[in-house]
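Beneath this line is the structure, given in structure tokens, with notes to follow.
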Amino acid sequence: MSETAPAETTAPAPVEKSPAKKKTKKAGAAKRKATGPPVSELITKAVSASKERGGVSLPALKKALAAGGYDVEKNNSRIKLGLKSLVSKGTLVQTKGTGASGSFKLNKKVASGEAKPKAKKTGAAKAKKPTGATPKKPKKTAGAKKTVKKTPKKAKKPAAAGVKKVTKSPKKAKAAAKPKKATKSPARPKAVKSKASKPKVTKPKAAKPKAAKVKKAVSKKK
């Protein structure tokens with residue numbers, strides 16, 4: 001009789017699904033924490049918003065946080081720790097009670113110190129505006145280049161005018177070369193000759209007295 005060995009059955013390896021779920025839960029919790037502002041900021045806002053001179057008590061502070069949508073019951077321990085840390089830093093002053101139980105008020109020195117850096121930022125913003133306006137200066141230099149280009153045109157005009165004057169100068173030379181008038185001067189002796197010929201005309205005038213004498217003789221005959 002042949003004996004048959006029993007077949008070895010291999011069990012499947014267990015799939016670890018639980019660690020992946022834990023990671024997703026942790027990531028979701030981290031996202032929830034990151035969405036809201038820290039407790040210290042919420043406490044400082046609530047204390048600064050209150051108008052009570054004696055400070056804000058713990059129950060009044062919890063009411064203000066609950067009105068802002070903060071879960072006070074789950075984060076009760078965080079509120080107390082936040083109050084203690086703010087008092088130790090000096091941002092809050094505890095007017096009544098000890099520890100987390102009591103009334104709290106904003107420190108005026110810290111509030112004024114926070115306001116000063118804001119004023120510095122505004123001054124820096126004003127200083128940045130002139131830096132933005134400085135690139136406009138190169139545009140003015142481009143305008144200056146245009147004026148430099150125009151100046152050669154002005155230099156050309158006087159040169160052209162000088163050429164015109166030179167061209168006109170030959171006319172003056174022609175006017176100076178009018179010695180033709182000197183040639184007319186020999187005509188003047190002719191006028192002298194005409195004056196010399198006038199005594200010839202005076203000879204007939206001497207005959208006039210003779211005619212008068214003839215008239216007198218005729219009158220005597222009558």
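Note: Cβ is positioned from N, Cα and C throughout, glycine not excepted.
Annotation comment: Swiss-Prot describes 1-16 as compositional bias 'Low complexity'. Annotation source Swiss-Prot lists compositional bias 'Basic residues' at 20-34, 118-129, 136-157, 165-183, 190-222. The annotation domain 'H15' is assigned in Swiss-Prot to 35-108 on the grounds of sequence analysis. The phosphoserine feature in Swiss-Prot is assigned to Ser2, Ser169 (among others). Residues annotated as N-acetylserine in Swiss-Prot: Ser2. Taken from Swiss-Prot, the feature N6-acetyllysine covers Lys17, Lys45, Lys164 (among others), and the record attributes it to similarity to another entry. Positions annotated as N6-succinyllysine by Swiss-Prot: Lys33. Annotation comment: Swiss-Prot describes Lys33, Lys51, Lys105 (among others) as N6-(beta-hydroxybutyryl)lysine. The annotation citrulline is assigned in Swiss-Prot to Arg53. Positions annotated as phosphothreonine by Swiss-Prot, on the basis of similarity to another entry: Thr151 (among others). Residues annotated as region 'Disordered' in Swiss-Prot: 1-55, 94-222.
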Between Lys105 (N6-(beta-hydroxybutyryl)lysine) and Lys51 (N6-(beta-hydroxybutyryl)lysine): CA-CA distance (Å): 10
Cβ neighbour count (within 10 Å, all chains shown) around Lys45 (N6-acetyllysine): 14
Summary of DSSP states over the domain 'H15' (35-108), given as helix, strand and coil counts: 37 helix, 15 strand, 22 coil
Other C-beta atoms that fall within 10 angstroms of the C-beta of Lys105 (N6-(beta-hydroxybutyryl)lysine): 18
Lys45 (N6-acetyllysine) and Arg53 (citrulline), distance between Cα atoms, whole Å: 16
Lys45 (N6-acetyllysine) and Lys105 (N6-(beta-hydroxybutyryl)lysine), Cα-Cα, nearest whole angstrom: 11
Taken over the domain 'H15' (35-108), the model's mean pLDDT: 81
